[in-house]
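Asker: I have a structure I would like to understand better, so I am pasting it below and will then ask my questions one at a time.
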Amino acid sequence: MKEFEFLKAELDKMKENKTWQQMKQIETKQGPSVEVKGENVIQLSSNNYLGLTSHPRLVEAAKRAAEEFGAGTGSVRTIAGTFTMHNELEKKLANFKKTEAALVFQSGFTTNQGVLSSILTKEDIVISDELNHASIIDGIRLTKADKKVYRHVDMDDLERVLKKSMNYRMRLIVTDGVFSMDGNIAPLPDIVKLAEAYDAFVMVDDAHASGVLGKNGRGTVNHFGLDGRVHIQVGTLSKAIGVLGGYAAGSQVLIDYLRHKGRPFLFSTSHPPAVTAACIEAIDVLLEEPEHMEKLWENTAYFKDKLVQMGLTLTKSETPIVPILIGEEEKAQALSDLLLTRGVFAQSIVYPTVAQGKARIRTIITAEHTNEELDRALEVIRSAAKELQLV
């Protein structure tokens with residue numbers, strides 16, 4: 001057998017099914033427009049909701065930290081890699097999320113893996129929304145707990161599962177705060193109400209809600225006025241926050257336990273000084289410059305309204321994630337490719353990221369987009385969709 005022949009066969013099948021994707025290379029800093037293959041294109045695919053990736057305050061904080069503390073830390077947190085700034089960031093995150101404590105992980109993905117794999121045992125059950133992020137799914141797979149999946153945001157189905165799982169040590173309901181492929185918000189008040197009625201715990205992944213929802217971007221828990229009633233909040237520092245990493249926030253007991261049992265935290269080198277300092281500065285920007293969130297929502301409302309007027313089919317998004325439903329993988333890829341040739345970077349999302357036949361162009365609006373950029377992007381989308389007979 002040729003080396004990895006079985007892998008090549010699978011890759012060939014992906015190409016045949018139009019689910020193969022070529023990574024596009026960006027040649028400038030992230031922003032409302034970027035350069036791809038030497039051409040300036042409007043960026044509608046990044047998670048840089050507030051434009052903080054290139055905010056002068058974050059860039060300057062990163063520069064200062066690198067010059068003073070070096071390029072890296074040289075150790076894991078539990079041995080010799082905890083700098084003063086790491087503790088400062090965690091205190092700031094805990095205050096921001098209105099919890100007793102917080103712990104920073106190397107990524108949002110490893111945060112979910114670390115939390116779920118460490119706190120769940122064979123005595124427990126984890127109850128997960130069917131459209132939760134891949135990191136939640138993989139985190140659950142690492143546990144010995146029983147697993148149940150409830151239909152997407154279906155509270156009757158969630159209650160059915162809760163009623164049938166009364167004999168476990170802990171029942172943990174896990175949900176995305178904002179669902180990344182559709183842009184809808186979890187019905188968190190209803191989830192919390194059921195959890196309290198059936199003595200269950202709640203964990204919310206606010207990857208796409210931190211910096212977007214709630215006062216100053218505190219997330220879905222704060223958005224719904226549920227501070228103190230959700231047991232575990234996780235999120236990223238790489239989307240609206242604009243840098244890198246993930247975090248868990250909750251009680252002091254939870255965070256102390258994760259420090260000792262969270263394997264991704266225990267066995268990964270701590271974040272470089274530049275990354276940590278930029279994250280600290282990002283939280284300060286959220287607290288001190290609310291105009292970024294205001295502009296984000298203004299741009300989102302404008303863009304959605306114009307797409308609907310075109311006759312395009314959108315998901316029931318409630319956030320700056322604005323997916324245009326296409327259906328067939330080949331058509332979604334064709335539209336994405338055509339948009340790029342005309343100056344709009346809007347990535348297609350196909351199987352296995354979404355279900356087969358549910359392919360889409362997922363656009364994400366940011367605070368940095370100007371009206372002129374949005375209008376230009378809208379015109380390109382309109383003409384390309386018409387050319388491909390999608391409207």
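Here the Cβ of each residue, glycine as well, is placed from N, Cα and C on the backbone.
According to Swiss-Prot, the protein carries these features:
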BINDING   GLY108, PHE109, SER180, ASP205, ASP206, ALA207, HIS208, THR236, LEU237, SER238, LYS239  pyridoxal 5'-phosphate binding site
BINDING   HIS133, THR353  substrate binding site
MOD_RES   LYS239  N6-(pyridoxal phosphate)lysine
Asker: May I ask which of the binding-site residues GLY108, SER180, HIS208, LEU237, LYS239 is closest to HIS133 (substrate binding site) if we compare their C-alpha atoms?
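Answerer: Spatially nearest to HIS133 (substrate binding site) by Cα position is SER180.
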Asker: Would you list the other residues of this chain near pyridoxal 5'-phosphate - those whose C-beta lies within 8 angstroms of the C-beta centroid of GLY108, PHE109, SER180, ASP205, ASP206, ALA207, HIS208, THR236, LEU237, SER238, LYS239 - in sequence order?
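Answerer: Near the pyridoxal 5'-phosphate site, the remaining chain residues are ASN47, HIS133, SER210, VAL234, GLY235, GLY246.
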Asker: With the pyridoxal 5'-phosphate site defined by the record as GLY108, PHE109, SER180, ASP205, ASP206, ALA207, HIS208, THR236, LEU237, SER238, LYS239, how many Å span the farthest pair of C-alpha atoms?
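Answerer: This binding site's residues have a maximal Cα-Cα distance of 15 Å.
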Asker: Which of these binding-site residues has the least crowded Cβ, counting other Cβ atoms within 10 Å: SER180, THR353?
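Answerer: Sparsest of the binding-site residues SER180, THR353 by Cβ contacts within 10 Å: THR353.
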Asker: If you count, for each of the binding-site residues HIS133, LYS239, the other Cβ atoms lying within 10 Å of its Cβ, which residue has the minimum?
Answerer: HIS133
Asker: What's the number of neighbouring CB atoms sitting within 10 A of the CB on GLY108 (pyridoxal 5'-phosphate binding site)?
Answerer: 25
Asker: What's the number of neighbouring CB atoms sitting within 10 A of the CB on ASP206 (pyridoxal 5'-phosphate binding site)?
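Answerer: Taking every protein chain into account, the count is 32.
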Asker: Write down the Cα-Cα distance for THR353 (substrate binding site) and LYS239 (pyridoxal 5'-phosphate binding site), rounded and given in Å.
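Answerer: That separation, Cα to Cα, works out to 18 Å.
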Asker: Looking at the binding-site residues GLY108, SER180, ASP206, HIS208, LEU237, which has the shortest Cα distance to THR353 (substrate binding site)?
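Answerer: So, of the listed binding-site residues, the one sitting closest to THR353 (substrate binding site) is SER180.
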Asker: Can you check what DSSP calls GLY108 (pyridoxal 5'-phosphate binding site), collapsed to helix, strand or coil?
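Answerer: Looking at the DSSP assignment, GLY108 (pyridoxal 5'-phosphate binding site) belongs to a helix.
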Asker: Check each residue in the chain of LEU237 (pyridoxal 5'-phosphate binding site) that is at least six apart in sequence and keep those whose C-beta is under 8 Å from its C-beta; list them in sequence order.
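Answerer: VAL104, GLY108, VAL243, LEU244, GLY245, GLY246, TYR247, CYS279, ALA282 - these are the non-local Cβ neighbours of LEU237 (pyridoxal 5'-phosphate binding site), listed in sequence order.
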